[in-house]
Amino acid sequence: MSGKIQLLVAFLLTSACLIYCTKYVTVFYGVPVWKNASIPLFCATKNRDTWGTIQCLPDNDDYQEIPLNVTEAFDAWDNIVTEQAVEDVWNLFETSIKPCVKLTPLCVTMNCNASTESAVATTSPSGPDMINDTDPCIQLNNCSGLREEDMVECQFNMTGLELDKKKQYSETWYSKDVVCESDNSTDRKRCYMNHCNTSVITESCDKHYWDAMRFRYCAPPGFVLLRCNDTNYSGFEPNCSKVVASTCTRMMETQPSTWLGFNGTRAENRTYIYWHGRDNRTIISLNKYYNLTILCRRPENKTVVPITLMSGRRFHSQKIINKKPRQAWCRFKGEWREAMQEVKQTLVKHPRYKGTNDTNKINFTAPEKDSDPEVAYMWTNCRGEFLYCNMTWFLNWVENKTGQQHNYVPCHIEQIINTWHKVGKNVYLPPREGELSCESTVTSIIANIDVDGDNRTNITFSAEVAELYRLELGDYKLVEVTPIGFAPTAEKRYSSAPGRHKRGVLVLGFLGFLTTAGAAMGAASLTLSAQSRTLFRGIVQQQQQLLDVVKRQQEMLRLTVWGTKNLQARVTAIEKYLADQARLNSWGCAFRQVCHTTVPWVNDTLTPEWNNMTWQEWEHKIRFLEANISESLEQAQIQQEKNMYELQKLNSWDVFGNWFDLTSWIKYIQYGVMIVVGIVALRIVIYVVQMLSRLRKGYRPVFSSPPGYIQQIHIHKDWEQPDREETEEDVGNDVGSRSWPWPIEYIHFLIRLLIRLLTRLYNSCRDLLSRLYLILQPLRDWLRLKAAYLQYGCEWIQEAFQALARVTRETLTSAGRSLWGALGRIGRGILAVPRRIRQGAEIALL
């Protein structure tokens, strides 16, 4: 008996587990989950009057940041935001400065004299090594060490206005713009332009300024920018714990330069270093406390005069009216030595640094002089002109080295510029006339950290212009919000159509649904309705803003990179939302926040911790299952639609009028016709087989016409009286064996064959059913036995419950009676107190 009870209990537990322990896939829409993205960003700015930012969105500084309780990886170098910034700034720079593109080589031999620089010019005039704003040499442009530009006077012959005659030209050039053959025998040399292998300007080009442009990047709807808010972030952090989400970045500076970064937006009251995760490339943000600035100036003593080579063609040379022009120069202001010392101290504390801790053995050094000019010299742009500054005096000053020290450096303006983003050269117009000056705040240093074998460290200035924008935006990363999530639950989809309930409208920001990113999955799931509506409302709002901008500036879309980016951002957002809704619709979950399905969960060992796990962590664990889950959901939805279609067809018979609809019976009529055609075809096959078998035995076909017809099956009839015209002799013996006509005989033959066929089918079905009965009889007995066990177990459980109820009832009754008696005695005792007092008083008085 105990074995039966154990079997019954095991059966009940197994059934309950199969019913209640099965998990089904549940689709959640609006979960705070994201993945890395690489789509174009668009810009927003306050100053939309400049040429490069006229198509940006108007910036109102209303970009809130939502703190997220998550951990995320950040890398300033492997970053789509910084890569887009580098590409876009280069395109704006290239288009704004406008290098001339109509170029023709001009390689003529010129006879040039030696340098016109006098001995007085080569010796530095006396004066202080350090200058300030009140020093008189600033206005006179004759500070100690500055000199005139090296010039050469050249003559060359070219065809002039008269094409059949040569004309001699005499021009003055910068000595750095010509290459001469080494010949010490005479004072005159054979020289060529140093860009003879490149090109020179043959037509007039417009001269443009490089406008100071500041803008911020914004993500399209459906995408978010995450920022690492950790103060110890150094450009590469696999586990940043202080993450905030925003739709736009901070303002970024676009001025390109080498060695130093100007007017950056990341300067703080501290020095910090962004270090590449795999090599020694760094970008150092300087402490703004030291007020580091640079003031560049070109004296007003140059005049550019074009040379007319032939009719309709002009060559813009460096035609110098003043044969001894002063150099351009840049002056550094601020506490540079203290700032550089703080850089060394910050480097020593950096976790990536492996060199010496002695700051006296850490030096700022310049790159090799045989490098490109942009590498060997500090290169920057001042009012559209490209300055190349020799930083030797500056390095001697900040390092207090032996040699000439100044807080200013000489510079030179060039026309042939190596491109900083792509391999190539651009040729620009000569400098404009008049004095040029520009002042910038120095906010960063581009450098490589080189640790030597003799326990010394060199901070070598670098020409990686792209590092400036990695410092500006390196703490951001672009992610795509994927609001669709899967999780196992015990609820199974109910197949009837769900009713739609009206909900109140919640006005939240676009990033409102991300506020639950760090919360547990269970808590986040409670707000999915509001989150999904917030997501959609934010997409629509940003779409409208983008559309307004595109409409206002549709005539200028061809001018900058922003026009196409605005259009692409709008299209991307619409495509993303439609793609999400298409996926939900393919699973039967369109416009639902929580959608239960009939698909079983594929991995019972993989279940979420609803109270301790975030949706982002859960998505990382099940990412490898998403493809299979999506396919299973689609198959389940297809099967569901088929079932609903068949059910709707059956429901059509509920209406009595549909029974008289001929279209409802056409299918069954077709089935009947097909059955008749099948029987006829089967009979034809049987007849052909029998005919062939009889031909093999020597019989003729039964349908042979007389007199070839031979009666095979005789139908005997009774004897008849002969006619009066006939005699008995005429009748003969044929009267007793008269046969039916052959068509009737053939019909009888077919009937007998059909009866034989039906009999055989009946016998076969009877044998099959009998064998099936014999096979299923043991199963029936086994099921009957198990049913008896189950019935006995149910009766036993019922009796146990009845006994338990009876005992409980008796116990409660007895307890109630006892309690009632106790309460009665207590009540009677309380009521007897006055009587006892009276009796006691009477006894005392007696």
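Cβ atoms here come from the backbone N, Cα and C positions, even for glycine.
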Per Swiss-Prot record, range annotated region 'V2' [choices 154-196, 240-282]: 154-196
Swiss-Prot lists region 'V4' for one of the ranges 389-411, 527-549, 803-825; which is that range? 389-411
Candidate ranges 296-329, 330-363, 602-635; Swiss-Prot annotation region 'V3' resolves to 296-329
Given the ranges 567-583, 686-702, 754-770, which one is assigned the annotation region 'Immunosuppression' in Swiss-Prot? 567-583
State the non-local partners of the region 'V4' (389-411) in its own chain: residues 6+ outside its ends, Cβ under 8 Å from one of its Cβ atoms. 129-131, 143-147, 259, 296, 298, 327-333, 336-337, 340, 363-366, 377-380, 461
So how many other Cβ atoms are close to N400 (N-linked glycosylation site), meaning within 10 Å of its Cβ? 8
If you skip the near sequence neighbours and keep only those at least six away, which residues in the chain come within under 8 angstroms of C765 (S-palmitoyl cysteine), Cβ to Cβ? none
In sequence order, which residues at least six apart in the same chain have a CB under 8 Å from the CB of C228 (disulfide bond)? E72, F74, E237, C240, K242, V243, D475
Just to be sure I understand the packing, how many Cβ atoms besides its own are within 10 Å of the Cβ of C56 (disulfide bond)? 26
Looking only at residues six or more beyond either end of the coiled coil (616-643), which have a C-beta under 8 A from one in the stretch? 25, 27, 32-34, 70, 482, 485-487, 495, 517, 521, 583, 586-588, 597-599, 602-603, 606, 608
Restricted to the region 'V4' (389-411), the mean pLDDT of the model is 91
Out of these disulfide-bonded residues, C218, C438, which one has the fewest other C-beta atoms within 10 Å of its own C-beta? C438
The most crowded of the glycosylation sites N132, N280, N390, judged by neighbouring Cβ atoms within 10 Å of its own Cβ, is N390
Based on DSSP, name the secondary structure state of N628 (N-linked glycosylation site): helix, strand or coil. helix
